[in-house]
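Trainee: Just passing along the structure, written as structure tokens.
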């Protein structure tokens, strides 16, 4: 098997990075559209007189924050030199589990397990932000 020359490897890397960047840019634009749709949906739910609409409003707010966090993750990717910071994924995980607790809270054992998962993610976030793992 022949080894690839350094310029060829850099060219392939550049092509793949460009494809990744374009894909993330498209994903970011799609998320902005969904964020706009969620804003309109939240406005509709806000003025609905039903009692059930309050739960739908809270769920919609958490989904709104999920869209917002994914968009912030993509922005941070471009700002940090094409690198995804781990803590943003942890934030998204915590928000997603909180949404799950709000939507599906019928089983107390499930809520306890979800809460333990949130605690684990918070500890992970604390460890990632500690000085031992801090990247300069």
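Any Cβ shown, glycine's included, is placed from N, Cα and C.
Computed from a predicted structure; not experimentally measured.
Positions annotated as topological domain 'Cytoplasmic' by Swiss-Prot, on the basis of sequence analysis: 1-14, 76-81, 129-136. Per Swiss-Prot, the feature topological domain 'Periplasmic' maps to 36-54, 103-107; the stated evidence is sequence analysis. According to Swiss-Prot, the feature transmembrane segment maps to 15-35, 55-75, 82-102, 108-128.
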Trainee: DSSP helix, strand and coil counts for the topological domain 'Cytoplasmic' (1-14)?
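Mentor: Each residue of the topological domain 'Cytoplasmic' (1-14) counted once, the result is 9 helix, 0 strand, 5 coil.
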Trainee: Looking only at the topological domain 'Periplasmic' (103-107), what is the model's average confidence as pLDDT?
Mentor: 87
Trainee: Using DSSP, break the topological domain 'Cytoplasmic' (76-81) down into helix, strand and coil residues and give each count.
Mentor: 4 helix, 0 strand, 2 coil
Trainee: Same-chain Cβ contacts of the topological domain 'Periplasmic' (36-54) under 8 Å, 6 or more residues past its ends?
Mentor: 60-61, 63-64, 67
Trainee: Provide the three-state DSSP residue tally for the topological domain 'Periplasmic' (103-107): helix first, then strand, then coil.
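Mentor: Counts, helix then strand then coil: 1 helix, 0 strand, 4 coil.
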Trainee: So how many of the residues in the topological domain 'Periplasmic' (36-54) end up helix, strand or coil by DSSP?
Mentor: 14 helix, 0 strand, 5 coil
